[in-house]
Amino acid sequence: MTRRGSAARGAAWPAVLQLLSDGRTWSGEALGRACGVSRAAVWKAVDGLRARGVPIEAVPGRGYRLSGGVELLDASLIRAGLPAGSAIDVEVELATGSTNQDLMARQVERPVVRFAEVQTQGRGRQGRAWWSAFGRQLQFSVAWPFRVLAAPAPGLSIAVGVELAEALSRVGATGLRLKWPNDLLGPAGEKLCGILVELQGQVLGPCQVVIGVGVNLRGGMRPDGADAALSGLDQVGLADLGRNGLAAALAQAVLVACETFGGEGLAGYQQRWPEWDALLQRAITVQLGKEVLRGEGAGLTPDGALRLAMADGSLRTLHAGEVHIGGGMAGL
């Protein structure tokens, strides 16, 4: 079906977005002609895209522009980048509330990877809002059904973090570090990627686990309420990667983590973690409810808990807590 026929039969915004993704300025007339719709329909499409978080600019006397352009996510291209024969469903939405919530509302029979260009209700640990900006991130979730697990499901964030760090390193990223339990940091310690693991069922199976991942493509942004600017792939040597190829590589990293963790638990990942550990032998502060602990990072236990070396020589084992590198409380 041609773009003209498709747009004429339904909403025009997908075709309008595809045209604007080249970064050029398009007049309303040219967009309407290319999509086979009226200028009023173009205006409605632009308004709808803006409501979905797409930052379309109005250029006085000339038309509309998506500054800088963007390589839109395409399910068929992402699927083509995954290993041949993979029994995995790939979904792409322009906007949704939360890809994690979307998948948590379903029961899947095989792995599903769901991407969204914009999430209006994305969230991280402890329900915190996850900042989302069109074209500046890759945001996706993986749903994986487990019949049995070799280790409790919460440890999966460790496995996912290691696989993501290694996948990005293979394509040229430098200076990456992992902060227990679920953050990937850039060279200066700013957050580059967040991981959220949610579970439905029993911690050792049967269960369905949904893993949400948000990766910043561009650094330097400081969302409202954030304590520090965010890091991005452009700051670790990956400014020019295509979004669909990158999406496939990161999705595959999460899928490998799920498959390996399901059969082996954390055994192999505990050995690989120290290479990326941002806390090892560093002074850290941990907020555990109303309790504040200060010590030095001392690696992980076999089940993925954090070891904290205290000043008196004792070791604390922590399965939860908010961690800040350094002795202060800023950023907690």
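A Cβ is built for glycine as well, from the same backbone N, Cα and C atoms used for every other residue.
TrEMBL has this to say about the protein:
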- 28-47: DNA-binding region (DNA_BIND)
- 71-266: domain 'BPL/LPL catalytic' (DOMAIN)
- SER98, THR99, ASN100, GLN119, ARG123, GLY124, ARG125: biotin binding site (BINDING)
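Features as recorded by TrEMBL, highlighted on the structure.
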residue: SER98; record: biotin binding site; Cβ neighbours (10 Å): 22
residue: THR99; record: biotin binding site; Cβ neighbours (10 Å): 26
residue: ASN100; record: biotin binding site; Cβ neighbours (10 Å): 27
residue: GLN119; record: biotin binding site; Cβ neighbours (10 Å): 27
So what's the average pLDDT for the DNA-binding region (28-47)?
95
